[in-house]
Amino acid sequence: ASFDAHERKFIVDLWAKVDVAQCGADALSRMLIVYPWKRRYFEHFGKMCNAHDILHNSKVQEHGKKVLASFGEAVKHLDNIKGHFANLSKLHCEKFHVDPENFKLLGDIIIIVLAAHHPEDFSVECHAAFQKLVRQVAAALAAEYH
């Protein structure tokens, strides 16, 4: 589904205010704390026994920034999200063997983080636009899975 002018404005305007490093670290940390079984994908990041370890893990913070920066590319490619994420989908499917359900979970967490960091901007219309965006990104990342 394509984005109308109002949805695009909500997405672009809010994204311009996002601190990618802070929100990315927050989003990935939240996923690893709320869904501890997801830590198995990141065992090489070192000690992650509890929330404190995760919140202070520099590798989690760096990867969170990388993940959210990649998500931000969707904002620049609203007309071709699936095409833009084709290589990343293949990588996560074939090399990392990530369960595609993780993309939906992380998308939902990104929504929570954006709302928490930008409550004054996160109207119900903005929420709807970003929910549509995270669904499309999750579907694009899952496209290589059979």
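Keep in mind that glycine also has a Cβ here, set from the backbone N, Cα and C atoms.
Residues annotated as N-acetylalanine in Swiss-Prot: A1. Neighbour count (other Cβ atoms within 10 Å of the Cβ, all protein chains): 7 for A1 (N-acetylalanine).
Residues annotated as domain 'Globin' in Swiss-Prot: 2-146.
H63 (heme b binding site) falls within a helix when secondary structure is assigned with DSSP. Neighbour density for H63 (heme b binding site): within 10 A of its CB lie 16 other CB atoms from the protein chains shown. The annotation heme b binding site is assigned in Swiss-Prot to H63, H92.
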